[in-house]
Structures are given as C-alpha cells and as structure tokens.
Amino acid sequence: MALKLLTLIALTCAAANAAKSSYKLCVPAAYMKDCEQMLEVPTKSKVALECVPARDRVECLSFVQQRQADFVPVDPEDMYVASKIPNQDFVVFQEYRTDEEPDAPFRYEAVIVVHKDLPINNLDQLKGLRSCHTGVNRNVGYKIPLTMLMKRAVFPKMNDHSISPKENELKALSTFFAKSCIVGKWSPDPKTNSAWKSQYSHLCSMCEHPERCDYPDNYSGYEGALRCLAHNNGEVAFTKVIFTRKFFGLPVGTTPASPSNENPEEFRYLCVDGSKAPITGKACSWAARPWQGLIGHNDVLAKLAPLREKVKQLADSGAADKPEWFTKVLGLSEKIHHVADNIPIKPIDYLNKANYTEVIERGHGAPELVVRLCVTSNVALSKCRAMSVFAFSRDIRPILDCVQENSEDACLKSVQDNGSDLASVDDMRVAAAAKKYNLHPVFHEVYGELKTPNYAVAVVKKGTAYNKIDDLRGKKSCHSSYSTFSGLHAPLFYLINKRAIQSDHCVKNLGEFFSGGSCLPGVDKPENNPSGDDVSKLKKQCGSDSSAWKCLEEDRGDVAFVSSADLSHFDANQYELLCLNRDAGGRDVLSSFATCNVAMAPSRTWVAAKDFLSDVSIAHTPLSLAQMLATRPDLFNIYGEFLKNNNVIFNNAAKGLATTEKLDFEKFKTIHDVISSCGLA
C-alpha cells in the first residue's frame, strides 16, 4: 500500500512538472510585441513559453548555445552558421513543411530537364548548349548547377583573381553555355551590374527581355525556366521537381493532376550519371534544399514532446488568419506551416542529407579569394567573424577575413602594406588617408529612408530675408561642435572658397564674418585653440543648451550649420534650408537637403590600396551583405548594437552601403586641402 502511494505521488509530481514545463523562445527584439501576443493565444497544451529578446537571429543562436534560450526558428543557412559556433550542441528537432507535401524529405529537389531526344549521355555534354535558369544566386537554377558543374574538367576555372568571384562565375557560365537566361541583380552596385550584363550579354540572350535581364521575365523562375526550354529554343533547364510536375500537369503530393498543354513525354530528367528518366516517374535529383525548422540545444531533448506539441498547436491556431507572430516569431508562412517531427539531428548532418553543405561551401578553386577587413577592437573582431560566417552561409563571396590592429592608423598602414584589404575612416579622414597612405575610397555608409549620404546644411527661420551667404555677413551663427564637418569644416570651406574670408586664421575670421556673435561649442578647448587666441565671439551666443537647433530656436543665432541627420530637431513649418550650393542661392524645404545644402558630408568610408585586389572584388561582399539584410535585419542587424557596444564596424545610424563616386571623393580632397591650409585637418 505504501509503495502504491509513493508511486502515485511520484506520478503526480511528474505530471505536475510536465504541466509546468517552460521553454524560452528566442526572438529578434523588433518582434517582441508579436511574441508576447502569441503567448496570449489559448492552446490545449499548458506548456509555458517565454520570449527572450536578442539583437537578431545570429545572436539568438548564441543565446541558445549559452542556455539563455532553448530554441529558435531557422533557415538551412542558419543551421550552417550554428554548426560553426564553438562548443555547440545544437539539434534540429522539428521541420516546417507544406500542406501540399507533408511527407517530402526536402523542401525542394534540384533537377535538370532536357528534350527527350537531346543527344547527351554525360554532364560534360552540357557544354555548348542553350541553358535556362531560374535566376542569379538562386538555389536550383544557379548555386546547385555551379556546384555540380565546377567538378567537371570541361568547366572553365573560376580562380582568376584579377576579377571578382561573382564575375568568375558569370565568365565561366558564359564560356560553358552557348546562350542562357539568368536574370536578376548580378551585382549590388548598379554600374557593375550594367557592365557585366553588357560584357556577358549572351547570359541574357535567351530571356524574354534580354536588354533588361531582370525580373519579371517570362523565362525566369521555376516555371519560366521550363517555358524557356519548351517554347524558347532552350536545350536544358535547371529547376525543381515540384514545379516540373506542375508544369506538365502531374500530381504533386496531395495535389491531384491538372490539365496542361505541355507534353511530359517530350522531355526527360537528366541524371548525374548521364542517364535520362521519364518526367512522369521518380525524379533523379542531385541536390536538395532542406526544410526550415526549429533548432535547440541538446538539453531540450529531455522534454521534447510537450514542446513539439505546443508549437504544433500554435501553428494550427495561426494558420487561418496568419497573425504577425505566425511569420515573425515562429518563422512560418502562407505556404510552409505544416509542423512535422523529425528524428533530432545535428545541423550539419541535417544539411548533409540533402548534399546542401556542399552547395553552401562551393568554392571557386584554389587559392580562394579572400578580402581582409582591418578592425581595431576585440568587439569589432567578433562582429567581423560573425559577418564572415553569415555571408559565407548565404553564398556571398569573396570570403571575408578579419585582421586586428591597435589603431586606425595601424589599419591604414596595414592596407597600404597589403596586410589587409579594407579599413574604415570617418569624416574628412578619408582625404587624409588618401594622401598619407596612398589609399582610395571604395564604398561608404548611407543614411535615412532615402539611403543618401549626410549633408552639411544651413537652416534659417521662415520669414527671414536671407538667400545667400552675403546676406549673413554681420549676423549671428549657430554651429554643431568644433570637430564636426557640418558645424565647422563645411561652412569654413564655403566662406574661403567664396573669398568671403581669408584662409589664414580662418577660425578667427569666421568669428569676424559672423560679427553678431556665434556659438561654436568646443572652440575654446585647449586642444582646439593651442595658441590661446581670443575666441569669445565664437562662444558669445552659447547658452546652457549649446545645441545648434536650440541656439536658432531661441534667436541666439540667425543661421544654424548642422548635419542633415539633425534636421529632425527642426519644425518643417518654421524652418527652411538656405541653398548655398546653388549659384543663385535661395531657400527650400528641409526635406530637400540633397539638393539644397552647403556640401555633401563624407560618411564612414572604407578605403583600399590601388595595387592589389580590384575594387569590385573588395566591395562585393560588404555590398551584397548590406543589400541582403536591408529588408531582413532580423537575420543579422549589422547596423545595430553589438555585444552592448555602439557603432561597431558600421554606425548604428547607417541604413546601407554604396560605392563611392570619384567625383564626390575629389570634392572631399579639395575641402581637405583648403581646411588644411587653416591648420585644421
């Protein structure tokens, strides 16, 4: 009796513990409200979930590894990133599939489709054919074919370091195939994209619109590649099984056959061994993309069943209405929301089942091209390494490597001496770096919704009569701090360039020009005024709040010299810009800063040496990474706080990257030279 009682108590306690099971779901901080709304959804399961905020999915993986969270939804590429984290014990324990193919082992399988009578019996004979692809950088139409073809001796080598890895790919494909259709953005830089499409134009010649070679195109995408094959004189198409079956009206999973004008008997799958298989039968796939799913640390296996059931019930609850949390928190979608249990498996083994690791790790032939980014702190080194693995997982090449030096100047010297390829500088340091280390700018940060550089601007109150610089002589001025481009360097350069003041003793002369008094914060600091000149006029208009916008608001000044990034402090109904960059002067609204300003401000800029890698190679990885993450900062927020530090590698305020135009750089050099004559640069 006592034994039965103890057994009953033990079972009751076990049930209670199971009922009280709780799990920590990691979610990008931007989606915390959505996660909390999800927690309010009633389910049969009484398992408790807790939302743990992280910077992004990359940080979520670290949180799971460190037991700060238990699990996180991931893509196959994230599984690869997870496999590279030291001392990790991740397991993939649930898959996200489609209702159409709930039992399919993979999300999709890559196939080659050819005309049945095409005289071909091995993959080498693909050389010289007319090829149809889904689009550049896509899995079944681009990445997987390249992974397969580069193993063949007849495929051109892709290790020419005089051009970028991406151009190596395009050059090889254009040499191997007679004509093709490969639409999309070949480069994140518009000029490079245009140049490549001109040079390798026959990679576009099979498209509906060869001159554009971009989406939308009738011969792009999964079905478009098959249309290209069937109706546009194509000889081989690279696509996936499910769309091949749909194209020919064949049943797919739970979806029955449907009428089609296409005849499957006229086409065949081309297998890796060179044999052909009927379209109506089992496809011979040679690589696949795994399903998305949930990844957790090994400890979740001890109490896996209740967690799996909870996730399934939440997925079922959200399937009809697709609330925000459905996608943003659980990672489900309109098509992919069937949650299936799988045998828990290590991420790398999960990818290997589909031969997908090989696709991710596809190289270009030894020696692999590497771009070395120089950084100056341990935190920046950690971020650089995280960026490197993430970019590699997303097929962004060249490989990013990280070099650490103890100062900005040491990094610039490292680039000059070919110890690294890239280093960043802020503001007018870009011109100084060019002069001292013989470097040149490659790309820079852009800001705001419009993704533009910042500009030095002159703000005045509406109703005033100022239209050009001469109208301000003898007036009062407000400035951003002494060390800033917008507050000091730009207005000084403008006044000197317009011969409104002399370049000798230029700061003192600035005070003479605005003889009504100024507020230039920091002008009286010993390091800024080593000779101890009388700069009282330049401090005369400063109050308890020395910000330029407060100075103008309180009528302590007639004009404020600030950055366009500061315009949010000004009421557009009360203030306007003075267009000093226009010969006729004039005024414009605050939002017109790109065309009404004092000068473009140099952003944080990355510089390179002239004698080593091409600028296109150097810029491709950072620009591609920025382009990919522009709409998906939840994957990796490269502009956000990193390990509780701000402005690591990129400024927090940045919204993207852009190549630096030579003309803009020449202007910065001119400004630098003029300001140097004042002894300021």
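From the backbone N, Cα and C atoms, a Cβ is placed for every residue, glycine too.
What Swiss-Prot records for Asp75, Tyr108, Tyr222 is Fe(3+) binding site, and it gives sequence analysis as the kind of evidence. Summarising the annotation, Swiss-Prot assigns hydrogencarbonate binding site to Thr134, Arg138, Val140, Gly141. The disulfide bond annotation in Swiss-Prot covers Cys26-Cys60, Cys35-Cys51, Cys132-Cys228, Cys181-Cys207, Cys204-Cys213, Cys271-Cys284, Cys374-Cys411, Cys384-Cys402, Cys478-Cys551, Cys506-Cys678, Cys579-Cys596 and is backed by sequence analysis. The domain 'Transferrin-like 1' feature in Swiss-Prot is assigned to 23-364; the stated evidence is sequence analysis. The domain 'Transferrin-like 2' feature in Swiss-Prot is assigned to 371-676. Marked as N-linked glycosylation site by Swiss-Prot on the basis of sequence analysis: Asn218, Asn355, Asn418. According to Swiss-Prot, the feature signal peptide maps to 1-18, an assignment based on experimental evidence.
When the recorded positions Thr134, Cys181, Cys579 are screened for a Cα within 10 A of the Cα of Cys204 (disulfide bond), the ones that qualify are Cys181. Confidence annotation: the domain 'Transferrin-like 2' (371-676) carries a mean pLDDT of 95 in the model. Residues Ala110, His133, Gly135, Asn139, Tyr142, Lys143, Ile144, Gly221, Tyr222, Ala225, Phe238, Thr239, Lys240 surround the recorded hydrogencarbonate site, their Cβ atoms falling within 8 Å of the Cβ centroid of Thr134, Arg138, Val140, Gly141, which are themselves excluded. Cβ neighbours of Cys228 (disulfide bond) (same chain, under 8 Å, six or more residues apart in sequence): Cys132, Cys181, Met206, Cys207, Tyr219, Gly234, Ala237. Note on proximity: among Asp75, Tyr108, Thr134, the binding-site residues of the record, the Cα nearest Cys678 (disulfide bond) is that of Asp75. The Cβ of Val140 (hydrogencarbonate binding site) lies under 8 Å from the Cβ of Tyr108, Ala110, Val111, Thr134, Tyr222, Phe238, Thr239, Lys240, Arg289, each of these being in the same chain and 6 or more residues away along the sequence. Comparing Cys213 (disulfide bond) with Arg138 (hydrogencarbonate binding site), their Cα atoms are 15 Å apart once rounded.
Per-site Cβ counts within 10 Å over the disulfide-bonded residues Cys478, Cys596 peak at Cys478. Within the same chain, residues at least 6 positions away in sequence whose Cβ sits under 8 Å from that of Gly141 (hydrogencarbonate binding site) are His133, Thr134, Gly135, Ile182, Tyr222, Ala225, Phe238, Thr239. Ranking the disulfide-bonded residues Cys284, Cys384, Cys506 by the distance of their Cα atoms from the Cα of Cys26 (disulfide bond) places Cys384 first.
A C-beta separation below 8 Å, combined with a sequence spacing of at least six in one chain, links Cys271 (disulfide bond) to Ala277, Cys284, Trp286. Checked against Asn418 (N-linked glycosylation site), the recorded positions Arg138, Asn355, Cys411 differ in C-alpha distance, with Cys411 being the nearest.
When the disulfide-bonded residues Cys26, Cys35, Cys132, Cys411, Cys678 are scored by other C-beta atoms within 10 Å, Cys132 scores highest.
Each residue contributes its Cα atom, and for Asn218 (N-linked glycosylation site) and Arg138 (hydrogencarbonate binding site) these two points are 16 Å apart. Across the fold, the C-alpha of Cys60 (disulfide bond) and the C-alpha of Cys402 (disulfide bond) stand 23 Å from each other. Nearest neighbour of Asn355 (N-linked glycosylation site) by Cα distance, taken over the recorded positions Arg138, Cys374, Cys478: Arg138.
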